[in-house]
């Protein structure tokens, strides 16, 4: 009897543990219903590019492939693969957004194409017309003529939360209607050379061929367009990026209405604020976008912005990282008034600006070595010289001093290099060698001091600290 009671007690404990584990477990989502509802409106996109020898040249990514950095690659298949005339090859994905046949995809999927073909899940193959494309956002709008087209519901990427489940459907490596799932890893990611898109980062498996396909939330609404991956192998490594559908809709509507996208323009070059820069500009913590240069005649110039200003808010949106500012400005309509909060020498102020239209291109500047050097006899241990008139014109600056030689000391520790141009020190303009020595002689010791330099045509602030002698 005692033995039975003993085994009964053990059995009850074991059953209790099993029930407890089941109660604590979280059921994984079932994607089957979502996939069945949405797949018919996902399409496979093929392109043909005609070449001089009457053969066909097919692209996974367009003619700009060689210019795209290895670090963030668009999705390409076998580049520059030749086939017979008019032979098509799968290049990417897209999805239907309206009953009258409008389709969203990536610009790099259709860039350089002479003909575009769309294949639906019901095996219909249609010729698509390119309505418009936008390289800066990597988006393109196509249109097909057909009846009874399935359409996807569009969600709001602004309501997407980190940790939320998301699903991708596309044609990786030509395997049509492949379904992968994961979670939102981060929002508002800024990628190199992609200033105007706050990307959604996910761990959804994305590979060549998924490009242009939809990213769904659990309600089956499109919240993003799969666009890029981080890879060192050419394939998926757990980091994928999607264009928010809110951004895509704005671009699509402009392309449909006018065939082009107008973006707001402020006319500043900005950089990140680190701990040392925050201290030198009297900020309580690293935040905002530090203005390194104000372009002459730009909206920022007309509004009175200055190098050294830190933009901490734009139209009520707090700027934590400098990368958050460009896409906010870009989505502001040209001619619209915008309000900013700016910290200047430790004091916060309100600045109103009328946003301009982003120019088609943005030319850089270059420096030309020349001129006479001044002896190294200053607290920074630098040898500097005046800029020539040709250098000033080339760099579009009123003045500054060129660093001829750097000796061990505070400037070397701060990272100043030969051929750097010093424009200001501790928020004091430096236009000549004489001004340079005058400013340096009055620098306080033991404090973090901002120094504005121009290096290879690019302005940037660095932090200098003079130690007690």
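Here the Cβ of each residue, glycine as well, is placed from N, Cα and C on the backbone.
So that you can see what the record holds, here are the features copied from Swiss-Prot:
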ACT_SITE  108  active site, charge relay system
ACT_SITE  138  active site, charge relay system
ACT_SITE  211  active site, charge relay system
BINDING   209, 210, 211, 266, 267, 268, 269, 270  substrate binding site
DOMAIN    255-346  domain 'PDZ 1'
DOMAIN    352-457  domain 'PDZ 2'
SIGNAL    1-25  signal peptide
DSSP residue counts for the domain 'PDZ 2' (352-457), split into helix, strand and coil: 21 helix, 32 strand, 53 coil
Inter-residue Cα distance where the pair is residue 108 (active site, charge relay system) and residue 209 (substrate binding site), in Å: 11
Binding-site residues: 209, 267 - member with fewest neighbouring CB atoms within 10 Å: 267
Rounded Cα-Cα span from residue 108 (active site, charge relay system) to residue 210 (substrate binding site), Å: 12
Cα-to-Cα gap, residue 268 (substrate binding site) vs residue 138 (active site, charge relay system), nearest whole Å: 23
Candidate with sparsest Cβ neighbourhood (10 Å radius) among 266, 268, 269, 270, the listed binding-site residues: 269
Mean of the pLDDT scores, which run from 0 to 100, over the domain 'PDZ 2' (352-457): 77
Pairwise Cα distance for residue 108 (active site, charge relay system)/residue 138 (active site, charge relay system) [Å, integer]: 6
For residue 267 (substrate binding site), the three-state class that DSSP assigns: coil
Whole-number Å value of the largest CA-CA distance among 209, 210, 211, 266, 267, 268, 269, 270, listed as substrate-binding: 37
Residue distribution over DSSP helix, strand and coil in the domain 'PDZ 1' (255-346): 22 helix, 28 strand, 42 coil
Length of the line joining the Cα atoms of residue 267 (substrate binding site) and residue 138 (active site, charge relay system), in Å: 22
Number of Cβ atoms other than its own within 10 Å, given for residue 138 (active site, charge relay system): 25
Among 138, 266, 269, 270, which are recorded as recorded positions, the nearest neighbour of residue 211 (active site, charge relay system) by Cα: 138
